Each structure stands twice: as C-alpha cells, then as structure tokens.
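S.K.: Pasting the relevant annotations from Swiss-Prot:
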type	residues	note
ACT_SITE	K68	active site, proton acceptor
ACT_SITE	S93	active site, proton acceptor
BINDING	S43, K63, Y130, K287, N326	ATP binding site
BINDING	T90	Ca(2+) 1 binding site
BINDING	E219, A223, D225	Mg(2+) 2 binding site
BINDING	E219, A223, D225	Mn(2+) binding site
MOD_RES	K68	N6-(pyridoxal phosphate)lysine
MOD_RES	C122	S-nitrosocysteine
Amino acid sequence: MGSRGGSGGDGAESHGYAADIHSIREAQARIAPYVHKTPVLSSTSIDAIVGKQLFFKCECFQKAGAFKIRGASNSIFALDDDEASKGVVTHSSGNHAAAVALAAKLRGIPAYIVIPRNAPACKVDNVKRYGGHIIWSDVSIESRESVAKRVQEETGAILVHPFNNKNTISGQGTVSLELLEEVPEIDTIIVPISGGGLISGVALAAKAINPSIRILAAEPKGADDSAQSKAAGKIITLPSTNTIADGLRAFLGDLTWPVVRDLVDDIIVVDDNAIVDAMKMCYEMLKVAVEPSGAIGLAAALSDEFKQSSAWHESSKIGIIVSGGNVDLGVLWESLYKR
C-alpha cells in the first residue's frame, strides 16, 4: 500500500472535480423516489476474524441488484423533457446496463443498451426484464464505445456513461451519504474500484463530511489498472483483464482519475481466490449472496496487505461498500465448491 493521497474535505470541493458534495446532495433529493435506502449490516463473527468493526452497506439489496441505479436514475431524471424524449444509450457489462434500463422505464423513455458478448447471463436477463433494447458488441471497451456512439448517432439518444459523468458520479456518491448518516463514527471506507464512478462519489462526499476519513480502493489482481495508475501518476490501461469480478474490468476515466489520484488514500489488490473466500464468508456469516465485485471490499479487509499497513492500525470502524448481488448462482456454487 502506498502513501495516503488527498487533502480532505475542502480539497474535495475546490480542485475542479467533476462533482462535489452539493451535486451529491442534489442527487440524493432527486433519486429518493426511485432507489432504496439500503441496510447497513454487521457481523460479530466477521469482526472477530478481521479484528475491526465492519459495517456493510448492502447495495446488493438495491433496485436492479446494485448501486448503479443511483447514478443511472440521477443522470436520467436530470434530463429535461426534450433531452429525454429520444431515450438514452449506454454501454455496460451488466449492472449499469440494468440500472439504465430500469431508470429509463421509470421515466417512460427508451433505453438502448450496448452489452459485450461475454456479459453474465443473469445481468443480461435483468436488462431484458426492465425493457432495455439490447445491442451486442465485442468485448473490448473500444468496441462497446464505438457501438454506443453509432446508436447515439442513429437515434439521437443521450449517452449515460457508466462512470465518467458528473451526474453518474454524484448519484453514486449518495451511498456514502447514507452510510455516514447511519454510522457517522466510521473512520475508513473500503470501496470496489473499476471505472471509478463509485469511489469518486464516495470519496467526494465522505471527505467533505469528514476530511480525516480514509478512503481505500479494492481492486482485483487481474485488473489492477487503478493501482498501476496510482503508482505511475497517470492513467494506465491494460491490454486485457482476467478476473472473476466481471464488474471491475473497466479503466479509469478523465473525470474519475483526478479524484482517485487525489482523494483515494490507498489501493488494495487481491486475487480471485480471496474474492471467492469473501463471497463465501458473506453467504455464511452475513447470510447475503453477493457478486464477486461486491465481495472484494471484504476480501481487502481480510488481506495481509491491509493488516500490515498503517491504515489497518489507524482504523477502528470500517465501512464496506457491498456494491452488488447480481451473481450467476451456477458460477457462485462452482466457485465456492472449488474453494
């Protein structure tokens, strides 16, 4: 783990970031009718294993099964009627796709969803369930973006970016507001990182409320571009990714990178075996089924890297963002059986 970054609450509002505490509070008011205020769970058994008090913000119980509905609904309900009339388009491997489809359905407008051919079946089914118009792409981010651009040009639909967008970031940040409203004494939050929309929103909100709070990212070893970016001081992309955490394969955007660079204190990298072990622990001790991307925060809290760091010694009450629960049960049981 590297040195702490970031300058706290004032910096979170004054350095020209895409979002701030004000846009996040506006998002909270805007999306309140359309999202769940998800529960915060705890387990004395898990606390004993980790050696700290953990508070799990369970976005696996969110509408569409993940935190993504926060950013999607904020983006879609922020559109004026003329902008919304031609619908919205996005590209996503799963959770954001379903969230956009659902938010568009709630707004009564069409949603064009570009999905890579390797997306998990359970997540594709969610998009269909919410009435999204699916357009397939190849698996690369370049293909996804190219197809989304073509659909946008053909339909006039507004792009709802999965992470690199002010309204998306602001919507995701509302999860941090809820967590700290319920457990204000939290001193560290561990957040999954991929494109950076969630952790950017969490960091901007949390550090505005409590400048001394620590924000840690959790990232899979097979898709550790954020850790490499943090070390290099610039955005690093990878030629390919290989991880069970299918929701954590995107790379940082130009709007999320400055927040990650400045306000994320450290990035903990864990392997897929650790993620599966954390999924099992969530199921056995929290009685909650979570997807790999949602379990990675617990995996990070259990890691030797964290326990050997100053962050572990300086933390007592740790928030864990359980980002989603859209897991293919067949994959879940196969993974748990192998462990």
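Cβ atoms are placed via backbone N, Cα and C, with glycine included.
On this model, are these features tucked inside or out on the surface, and what's nearby?
M.R.: The 10 Å shell around the Cβ of K68 (active site, proton acceptor) contains 33 further Cβ atoms across the protein chains shown.
Within 10 Å of the Cβ of S93 (active site, proton acceptor) there are 23 other Cβ atoms, across all protein chains.
Secondary structure at K63 (ATP binding site), as computed by DSSP, is helix.
With a cut-off of 8 Å between CB atoms and residues at least 6 apart in sequence, the same chain places A72, H96, A97, V100, A111, Y112, I113, V114, A148, L159, V160, H161, P162 near T90 (Ca(2+) 1 binding site), listed in sequence order.
Neighbour density for A223 (Mg(2+) 2 binding site): within 10 A of its CB lie 22 other CB atoms from the protein chains shown. Look at A223 (Mg(2+) 2 binding site): DSSP puts it in a helix.
For the recorded site, K68 (active site, proton acceptor), the DSSP three-state label reads helix.
Residue environment of C122 (S-nitrosocysteine) contains 18 other Cβ atoms, counted within 10 Å of its Cβ in all protein chains. C122 (S-nitrosocysteine) carries a helical DSSP state (H, G or I).
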S.K.: Counting other Cβ atoms within 10 Å, pick out the least crowded of the binding-site residues E219, D225.
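M.R.: Checked E219, D225; of these binding-site residues, fewest Cβ neighbours within 10 Å: D225.
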S.K.: Between S93 (active site, proton acceptor) and C122 (S-nitrosocysteine), what C-alpha distance do you get in Å?
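M.R.: Checking the Cα atoms of S93 (active site, proton acceptor) and C122 (S-nitrosocysteine) gives a distance of 11 Å.
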S.K.: Return the member of C122, E219, A223 nearest to Y130 (ATP binding site) in space, with distance defined Cα to Cα and candidates limited to these recorded positions.
M.R.: C122
S.K.: Write down the Cα-Cα distance for A223 (Mg(2+) 2 binding site) and N326 (ATP binding site), rounded and given in Å.
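M.R.: The separation of the Cα atoms works out to 20 Å.
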S.K.: Of the recorded positions S43, C122, E219, A223, K287, which one has its Cα closest to the Cα of K68 (active site, proton acceptor)?
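M.R.: Checking each of S43, C122, E219, A223, K287 against K68 (active site, proton acceptor), the shortest Cα distance is to C122.
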